[in-house]
There are 2 protein chains.
Amino acid sequence: MKLLNAQSENFQAELEALLAFETAQDPKIDQIVADICADVQQRGDAAVIEYTNRFDGTCARTLADLTLSQDDLKNAFERLPENVQTALQTAARRVESYHRRQKMESWHYLDEDGTLLGQKITPLDRVGIYVPGGKAAYPSSVIMNAMPAHVAGVGEIIMVVPTPKGERNDIVLAAAYVAGVTKVFTVGGAQAVAALAYGTQSIPQVDKITGPGNAFVAAAKRRVFGVVGIDMVAGPSEILVIADGTTPAEWVAMDLFSQAEHDEIAQAILIATSQNYLDEVKAAMDTLIEAMPRRAIIEASLGNRGAFILAENLDRACEIANYIAPEHLELSVEHPQQWAEKIRHAGAIFMGKYTSESLGDYCAGPNHVLPTSRTARFSSPLGTYDFQKRTSLIQVSEDGAQKLGKTASILAHGEMLTAHARAAEFRLKD
Amino acid sequence: MKLLNAQSENFQAELEALLAFETAQDPKIDQIVADICADVQQRGDAAVIEYTNRFDGTCARTLADLTLSQDDLKNAFERLPENVQTALQTAARRVESYHRRQKMESWHYLDEDGTLLGQKITPLDRVGIYVPGGKAAYPSSVIMNAMPAHVAGVGEIIMVVPTPKGERNDIVLAAAYVAGVTKVFTVGGAQAVAALAYGTQSIPQVDKITGPGNAFVAAAKRRVFGVVGIDMVAGPSEILVIADGTTPAEWVAMDLFSQAEHDEIAQAILIATSQNYLDEVKAAMDTLIEAMPRRAIIEASLGNRGAFILAENLDRACEIANYIAPEHLELSVEHPQQWAEKIRHAGAIFMGKYTSESLGDYCAGPNHVLPTSRTARFSSPLGTYDFQKRTSLIQVSEDGAQKLGKTASILAHGEMLTAHARAAEFRLKD
């Protein structure tokens, strides 16, 4: 792991190098995805079945073979051990409760001329949730994507999840059950994204697609953006821990590991105000790494992109955090709320030593889909609001039309848009 | 103008054909834009000056020659006739007042275990507003883009506007003055977008870029998306008027013209419940067109993409509107609120005969930047919320860590993420 000193002359340059990440899209992947999308748009079900059989090693004959009903989801749930059932339900309930507070409501008011102005809130009609299959099968991701849509009041939540060689993951399907998913198609890849975006004979067209996926899925989402809405195209996951030395070093070490174990390009950074503490955490990591099943991934991730930063004080640490705008920020310090005040840019802030990021990943309540790669400077966690939209409401009174009409007329003439001006002038009495 | 009958067998197919619009990006434009962006990223000011002098026919030597201060904006405002000054101020004040109601506030709560959950709202630090120059110079667009950022509390609002041959538009600069713009650079095109996205020696890097532009600007915005946030890439503007026959036919005719006069690919559609009324509006259009300075554009637009639709009743008209998900929807009917209830998808709803779209375009209060091309199914008007972002807050209490830790541990083991589980387990007392 690299060691940076915030007081060194080259610090800013070193920090920029540490955060740099090449996000260029691969033109070969783009071409393959373009072909698949065009084919699915044209041939519908037949194309989806062909690609699924080819890429996932299945032998489906019709889309019915790739369709799961509510009953299938319920059965998957019931096959699980009771403690897992309870854990899924607890997580779903807490996520639901938090996301209810995010729900937007319509409003309107009358101005002094009796003109009504407002904002009407409506849920999306139908959304698609992409869930990766195979080795990275995350039930928590199902809950985090589907529950906000459910809370928003979306009419139909369609989930797609590939099942390589036909193997279904009961926990993933059970998560869909507790999170209010309407229907599941066991298809994945660009073909699943295209089917949701354009609709096929059996897969209904949706209005928005969310959820993580591999490079093909990301390229397909970019391609269909505009036809449907998409959530962000996420970069590698990141954590920044700011520690004042009061949290046990082992706890912080494990929090860094929990980020690093995601994949080789995940990023874990620790800022502390004393070299001693950095040394303690390093020693703890050296011990704890032995027992980690994903040791190779953790070592690669920390070696590639991990760093310790020594900062002169917590004020400086917060400044650095605002530059990094991390996806996950742990303020593992005393009086964390006072320091959280100073944070302007972060996806989520985990405050105090008891708040490990992993509690937030699964069940604290807030969403675990967060802006990565410094995009917290301008974007937000996935939320209920992503499955609602606003419509402006304007009802100008006869009186209002007199005043507004004169203003609109002057400005429209200023823009040389005569019809705009005339439309306003027609509503004037004099 | 086409005439469609909602009761005909082919109606749905005809409607889809009417709405179809080719949005494919031009690979030649993409390549030019890619080169410009890379050059600006590398050479900064020097590249911006070169492209500006070449494309805009200016002869700037340094970026200072392309920079306007607050004083320059104020002077532009003071050169305007008093009625235009007042119109700009009235519009700005009404837009500000509406957008204040959209401002999001932070919140948090404690759950039964003393765990704090919340959402912190912060404005973006710095945004860029792109304003087209030349023939399509719209001061209203300056107000509609800059005011929400100003209301959100954005620290710096940087505007870019090309000034072909050095000609500055006083109304546009005056609009920047009343809307709270911090600084203006008289540069445009892909080079302006790239400068805002990457920053140069003189032009500061922003966090988000909004505002309309030509195909080069749109391609540049797509390219820098991810480095900075962008607003939507807008399609052609559209209006759908639903009329019950109680609004004077001339008024509706002029409202259709006011959409059509934007450009040849704008779309204006009227749905009415009687053929008689459609005939009256058509007759009014035939008369009114004579006096329209932008007659050629209006005729091209209506000929290419305009339509009359005869619907059996207003319920059916609302159903059709929900399919179209129009950018602008005029409910030019009696009791418009009752019909607005039935609308699920629209950018803005203009209710009642006094509410011409043009009043909303300039000064009613709501934003005139609205989702086009059926994207109102999943997106919203530009608003104050586009210049704020959310950060999740989590502070788990010692008690909370006991309960949440067990749930997180079970789910993390289910996902084979051992470090996630261990991080939660470290916080357990037993």
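All positions are counted from 1 along the displayed chain.
Positions of Cβ are set from backbone N, Cα and C atoms, glycine also.
On its own chain, B:Glu327 (active site, proton acceptor) has B:Ser237, B:Glu238, B:Ile239, B:Ala346, B:Gly347, B:Ala348, B:Leu370, B:Pro371, B:Thr372, B:Ala376 as residues at least 6 apart in sequence with a Cβ closer than 8 Å to its own Cβ. Positions annotated as active site, proton acceptor by TrEMBL: B:Glu327 (among others).
All protein chains considered, the CB of B:His328 (active site, proton acceptor) has 26 other CB atoms within 10 Å. Taken from TrEMBL, the feature active site, proton acceptor covers B:His328 (among others).
Among the features that TrEMBL reports, NAD(+) binding site is placed at B:Tyr130, B:Gln191, B:Asn214. Counting every protein chain shown, the number of other Cβ atoms lying within 10 Å of the Cβ of B:Asn214 (NAD(+) binding site) is 15. Look at B:Asn214 (NAD(+) binding site): DSSP puts it in coil.
In this structure, B:Asp361 (substrate binding site) is part of a helix by DSSP. Among the features that TrEMBL reports, substrate binding site is placed at B:Ser237, B:Gln259, B:His262, B:His328, B:Asp361, B:Glu415, B:His420.
The Cβ neighbour count for B:Asp361 (substrate binding site), using a 10 Å radius over every protein chain in view, is 27. TrEMBL lists B:Gln259, B:His262, B:Asp361, B:His420 with the feature Zn(2+) binding site.
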Sites among the recorded positions B:Tyr130, B:Gln191, B:Glu327, B:His328 close to chain A [C-beta, under 8 Å]: none
C-alpha spacing of B:Asp361 (substrate binding site) relative to B:His328 (active site, proton acceptor), in angstrom: 10
Assigned conformation of B:Gln259 (substrate binding site) - DSSP reduced to three states: helix
Densest Cβ neighbourhood among B:His262, B:His420 (binding-site residues), 10 Å radius: B:His420
Shell of the NAD(+) site beyond B:Tyr130, B:Gln191, B:Asn214, same chain only (C-beta within 8 angstroms of their C-beta centre): B:Pro132, B:Val160, B:Pro162, B:Gly188, B:Gly189, B:Ala190, B:Ala192, B:Val193, B:Gly213, B:Phe216, B:Val217, B:Ala220
Between B:Tyr130 (NAD(+) binding site) and B:His262 (substrate binding site), the C-alpha gap once rounded to whole angstrom: 19
All-chain count of other Cβ atoms within 10 Å of B:Glu415 (substrate binding site): 19
